[in-house]
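A.B. asks: Take a look at this one; I'll ask things after.
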Amino acid sequence: MTKTVYILNGPNLNLLGKRQPEIYGHDTLADVEAVCAELGEKIGLKTRLLQSNWEGQIIDWIHEARDAAQGIIINPAALTHTSVAVLDALNTFDGPVLEVHISNVHQRESFRHHSYVSQRADGVIAGFGVEGYALALRRMGRLLA
Ligand code: DHK
């Protein structure tokens with residue numbers, strides 16, 4: 001059976017490509033979705049990319065992933081630094097969790113240096129631009145092999 005990976009994206013990432021391109025680049029989330037779908041097909045994974053500006057929706061998708069997915073890649077965006085609730089939700093998920101940040105959060109404001117999600121993540125990618133999603137998906141392929 002083909003394994004499914006949820007690729008979850010938090011607040012403001014719907015504006016990827018338009019929002020602060022000097023930090024987040026010019027690619028859109030639709031571009032990321034297309035790259036991940038193509039790579040996923042190559043390595044035998046089904047991908048489902050989702051984005052919400054609402055914390056509760058991200059949590060509901062993590063709950064859904066408990067039955068519907070074998071792995072989660074998550075860019076929680078600002079929720080990274082604030083949300084115990086997202087961490088708690090990820091702790092209900094049994095499979096691998098990989099955390100992605102487009103920018104190098106450690107080079108930015110100090111409030112971006114701490115991540116609640118890293119406590120659960122099996123790996124973290126930061127500062128590789130949107131390429132980080134593909135790198136995480138490749139890693140997920142190995143973890144789910
Ligand atoms: C995206 C955001 O929206 C910020 O709130 C995070 C993250 C960093 C990113 O680099 O993808 O601090």
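Here, residue 1 is simply the first one shown, and the rest follow in order.
Cβ atoms are placed via backbone N, Cα and C, with glycine included.
Whatever TrEMBL says is automated annotation, not expert-curated.
As listed in TrEMBL for this protein:
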ACT_SITE  TYR24  active site, proton acceptor
ACT_SITE  HIS101  active site, proton donor
BINDING   ASN75, HIS81, ASP88, ILE102, SER103, ARG112  substrate binding site
SITE      ARG19  site 'Transition state stabilizer'
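If you look at the structure here, what lies around each of the features I listed?
C.D. replies: Mapped onto three states, the DSSP output places TYR24 (active site, proton acceptor) in helix. Long-range neighbours of TYR24 (active site, proton acceptor) (same chain, six or more residues apart, CB within less than 8 Å of its CB): LEU16, GLY17, ILE102, SER103.
Following the DSSP three-state reduction, the secondary structure of HIS101 (active site, proton donor) is strand.
In this structure, ASN75 (substrate binding site) is part of a beta strand by DSSP.
Classification of ARG19 (site 'Transition state stabilizer') by DSSP places it in coil, neither helical nor stranded. In sequence order, ASN12 make up the list of same-chain residues 6 or more apart from ARG19 (site 'Transition state stabilizer') whose Cβ falls under 8 Å from its Cβ.
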A.B. asks: Have a look around HIS101 (active site, proton donor) and count the other CB atoms within 10 A of its CB, chains all included.
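C.D. replies: By my count, 22.
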A.B. asks: So which of the recorded positions ARG19, ASP88, ILE102 sit close to ligand 1, that is, with a CB under 6 Å from an atom of it?
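C.D. replies: Among ARG19, ASP88, ILE102, near ligand 1: ILE102.
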A.B. asks: Provide the number of Cβ atoms within 10 Å of the Cβ of HIS81 (substrate binding site), excluding the reference atom itself.
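C.D. replies: For HIS81 (substrate binding site), the 10 Å Cβ neighbour count is 16.
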A.B. asks: Which residues does ARG112 (substrate binding site) neighbour through Cβ under 8 Å, counting only same-chain ones at least six apart?
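C.D. replies: Those within reach of ARG112 (substrate binding site), by Cβ under 8 Å and sequence separation of 6 or more, are THR80, HIS81, VAL105, HIS106.
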A.B. asks: Do you know which of the binding-site residues ASN75, SER103 has the most other C-beta atoms within 10 angstroms of its C-beta?
C.D. replies: ASN75
